[in-house]
Amino acid sequence: MENLNGLGKDKEGEIPEVSSENCQEMTNQLYAEEKGELENKLGAREKKEQGNLKRKRSHSRTCGRIGLGLSERLSFNVSGMRYETQLRTLAQFPNTLLGDPQRRMRFYDPFRNELFLDRSPACFDAVLYFYQSGGRLRRPANIPLDIFMDELEFYQLGDEVITRFKEDEGFPKEEVCALPENELQRRIWILFEQPESSGGARIIAVISVVVIIVSILIFCLETLPAFRNEKNMQEGYLHHLVTNSSTPLTPGPSPLQDPLFVVETTCICWFSLELLLRFLCSPSKMNFFKDMMNVIDLIAILPYFVTLGTEIAQAKGATPTMSLTIIRVIRLVRVFRIFKLSRHSKGLQILGQTLRASMRELGLLIFFLFIGVLLFSSVIYFAEADHPGTAFISIPNAFWWAVVTMTTVGYGDMYPETVMGKLVGSMCAIAGVLTISLPVPVIVANFSYFYHRETDLSVSTEHKHVKTSLSEDDQYAEEEEEISSWTLLQEDLNREPYARRGSEMTRYSLREPVVTQV
């Protein structure tokens, strides 16, 4: 108004007359300026809102293209069981099936706005917990091991996760079997080391088992009275030469005339040939004797050559340098040939795995027995000390009675006769039952675990899962580029799945999910 009042003033301060046309013109000018400023402000706000709206729409379309990749929650239908989880939970492992938007795209059902998986819900619980816990994988107790392993392969959790799971389940570490570089050596090595590789390998394995059994039978038959007399004559002759070499003695019959010795020699020739070929064809000579089975093979044939050397020295008239006790111990070592069967027996391998897994329990059992034997042998000695004709003449002498009583064997060669001694014996028997029964269930559980694990892995039924994804093709690796280019419509989980605009509807090619065929 100051501008309006100042207009038309003359030098004397008088206000001249203003026409109505000039006044209307100035009013229109001021109104146009204020309107322009208001339109500019409203235009900037509308442009900003329109830009935000466009970004939201673009963001929604992008989410649809990448298969629900940026929505907050995701819904699963696993054989009728519904699950919901946050996408950031799955995004922790982007290289897995559920963590990769492109891989899980094939299971998306646009009509129900969910991912449909025709898999085991119990296994999916464990897989979903794997994502929620950040990598902890636990197998449900009611799911067999082989089925759970198939589920892990389906969800593509990765080799590192599966390897860690196998270690937690007690699987032995899979070592890469080194093979010889030479073709002939490789064939011979596989022939002896892998009995299931070919028909020839199976024949060699059967021959090895038969030879081992025959060798053990020979070891047992040598103790029969009909054959023991000749052995005693030979051992007596050797013992006489060692203790009194000056007195002549008629030598016993030659072992070459013994049919059992001939059969034993044949078995040793097979064992030696097998060990020699495996050693010559082994990829690493240093690691060959680090294997316990190879050490057992070597120990099984050494007594024969020691005995043979002694017999040859005897035939030449030389004086033996080994005593009779050493010779008998060397012959006793042949009984270790029974462990050669473990190379061809799954049962013996399971037993060995059980003993290795139960070493702590076995140590506790021996420790508890040692304490009980020491305690009750001392008490029974003082309880029976005053009884005439007692069998408990010392504490070490009572160790045998304590062991027999605690293990509930009860030979009856030593027994208490006084009232106090019988009371101590009763307490010893009860303590033995409790001591042995505590760690035994753990050992039995370990054996059952390894047995069922070996059975589940060896008995493999051929089966396949019918493809149940909603896309036309279900090839994972070949069509990831095509799948990533699909345009799917993403709706919030709280909205109706069919409430879509007609212009934004997309055609989908669906297949009916089919149950697993076996």
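Cβ atoms are placed via backbone N, Cα and C, with glycine included.
According to TrEMBL, the features are:
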REGION    1-58  region 'Disordered'
COMPBIAS  19-30  compositional bias 'Polar residues'
COMPBIAS  32-52  compositional bias 'Basic and acidic residues'
DOMAIN    72-172  domain 'BTB'
TRANSMEM  203-227  transmembrane segment
TRANSMEM  362-383  transmembrane segment
TRANSMEM  389-411  transmembrane segment
TRANSMEM  423-451  transmembrane segment
(request) Give me the stretch from 203-227, 389-411, 423-451 with the greatest number of Cβ pairs under 8 Å to the transmembrane segment (362-383). (result) 389-411
(message) Is it possible to list how many residues within the domain 'BTB' (72-172) are helical, extended or coil according to DSSP?
(response) 44 helix, 18 strand, 39 coil
(request) Kindly state the mean pLDDT of the domain 'BTB' (72-172) in the predicted structure. (result) 87
